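For reference, the structure is listed below as structure tokens.
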Amino acid sequence: MSITKEFDTITAISTPLGEGAIGIVRLSGTDALAIAQSVFKGKNLEQVASHTINYGHIIDPKTGTIIDEVMVSVMLAPKTFTRENVVEINTHGGIAVTNEILQLLIRQGARMAEPGEFTKRAFLNGRVDLTQAEAVMDIIRAKTDKAMTIAVKQLDGSLSQLINDTRQEILNTLAQVEVNIDYPEYDDVEEMTTALLREKTQEFQSLLENLLRTAKRGKILREGLSTAIIGRPNVGKSSLLNNLLREDKAIVTDIAGTTRDVIEEYVNIKGVPLKLVDTAGIRETDDLVEQIGVERSKKALQEADLVLLVLNASEKLTDQDRALLNLSQGSNRIILLNKTDLEQKIELEQLPADLISISVLTNQNINLIEDRINQLFFDNAGLVEQDATYLSNARHISLIEKAVQSLEAVNDGLALGMPVDLLQVDLTRTWEILGEITGDAAPDELITQLFSQFCLGK
């Protein structure tokens with residue numbers, strides 16, 4: 001984005017397109033008030049107090065035609081999200097009216113905002129750092145209240161503060177090394193000995209490794225668990241999916257092979273988003289369409305974080321059952337013995353002891369599945385600790401891992417007896433990597449790519 005483009009006054013519809021009670025068209029930039037005033041009949045928006053809502057009408061300045069009756073919010077820089085003048089036009093919801101107002105604003109001199117450009121301006125103007133900007137997107141995409149809690153904490157600056165404090169400590173250490181090298185005669189500056197540098201780098205490494213330990217939980221809460229429901233045809237997989245969803249989304253019949261594809265749905269299990277994948281029954285078949293579904297099922301099984309293997313308690317184990325037991329061995333697997341409301345014929349002695357007996361028909365023990373998921377992935381601990389900072393973003397996790405590797409290189413060098421001044425490079429690299437997380441040292445291409453993932457109007 002060019003410098004000129006960054007200072008344009010931008011506009012976009014900030015509410016989802018479609019019918020609704022309210023639509024919002026947003027403006028941000030130096031000329032936001034003047035452009036809004038040029039299509040507004042009511043109070044002079046350039047003279048009203050900041051953070052006020054003003055009643056009036058949007059008109060076409062060429063024809064004088066009234067477009068809509070509106071409420072206009074005026075917010076003056078720097079006390080706005082973008083730290084620029086911001087105007088929000090609250091219209092009646094609807095595709096036609098919001099689009100008409102948007103086109104009027106563009107004709108009056110505003111530029112159509114790019115995806116995420118309002119948040120990008122907040123970042124460029126110092127209102128938020130990169131982790132906080134990403135948290136805005138996480139709040140929008142949060143599927144559960146727990147995921148939203150983590151995102152809100154990140155928006156509040158908890159991760160930024162931890163990273164910035166660590167970077168400052170590393171910078172202090174680097175400065176001390178520099179002074180010792182350049183001004184060895186200064187007695188009032190503590191000497192950065194090998195032992196002291198090892199102590200400091202181990203402290204930094206321990207802090208970052210502790211943060212990495214939160215990544216598994218944070219990533220699950222942010223992105224969800226990819227969960228494959230597997231089993232031979234007609235054991236109750238689709239019925240289980242519907243039971244967990246509490247609505248009929250999959251085809252449920254008594255005919256084997258009716259689920260010919262992979263069906264995906266999200267469900268909230270005690271704050272954990274599960275991406276449920278109801279797979280076609282895995283069996284040998286001559287039906288080409290069903291064969292494709294079976295292959296997709298095997299792929300879903302390989303990629304799943306969690307496997308729910310459904311067996312039929314009212315029938316003896318089949319070769320297909322045994323094949324699935326072997327295929328899913330070693331994965332995070334929960335074996336579900338369905339149809340326990342019927343006479344049981346399955347050979348329990350051939351199955352692992354930690355299975356869960358359920359009846360999808362009567363809802364028996366369905367709650368135990370939720371408890372087992374909590375046990376498998378969270379060791380029965382609370383999902384979100386109130387004061388903890390969580391890593392949940394893959395970009396952050398990758399950069400923290402690289403920072404730890406750089407610190408390990410410093411410690412390896414110290415163990416080999418390398419001089420302190422030669423280890424500055426790796427310590428400086430650690431400082432730079434952490435800066436990429438907050439955006440202090442992030443390349444322009446990365447920033448552009450990140451904000452392009454946002455929706456229009458945000």
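Backbone N, Cα and C atoms are what each Cβ position is placed from, and that goes for glycine too.
Annotated (6S)-5-formyl-5,6,7,8-tetrahydrofolate binding site per Swiss-Prot: ARG26, GLU88, ARG127, LYS458, in sequence order, evidence recorded as sequence analysis. Residue density at ARG127 ((6S)-5-formyl-5,6,7,8-tetrahydrofolate binding site): 17 other Cβ atoms are found within 10 A of its Cβ, drawing on all protein chains shown.
Swiss-Prot lists 224-378 with the feature domain 'TrmE-type G'.
Every protein chain considered, the tally of other Cβ atoms within 10 Å of the Cβ of ASN234 (GTP binding site) stands at 18. Look at Swiss-Prot and you will find 234-239, 253-259, 278-281 tagged as GTP binding site.
The DSSP secondary structure for ASN234 (GTP binding site) is coil. The K(+) binding site annotation in Swiss-Prot covers ASN234, THR253, ILE255, THR258.
Look at Swiss-Prot and you will find SER238, THR259 tagged as Mg(2+) binding site, backed by sequence analysis. Residue density at SER238 (Mg(2+) binding site): 24 other Cβ atoms are found within 10 A of its Cβ, drawing on all protein chains shown.
Secondary structure at GLU88 ((6S)-5-formyl-5,6,7,8-tetrahydrofolate binding site), as computed by DSSP, is strand. Least crowded of the binding-site residues (ARG26, LYS237), judged by neighbouring Cβ atoms within 10 Å of its own Cβ: ARG26. Separation of the C-alpha atoms of ASN234 (GTP binding site) and ARG26 ((6S)-5-formyl-5,6,7,8-tetrahydrofolate binding site): 52 Å, rounded to the nearest whole number. Within the same chain, residues at least 6 positions away in sequence whose Cβ sits under 8 Å from that of GLU88 ((6S)-5-formyl-5,6,7,8-tetrahydrofolate binding site) are SER14, ILE24, VAL25, ARG26, LEU27, VAL72, SER73, MET75.
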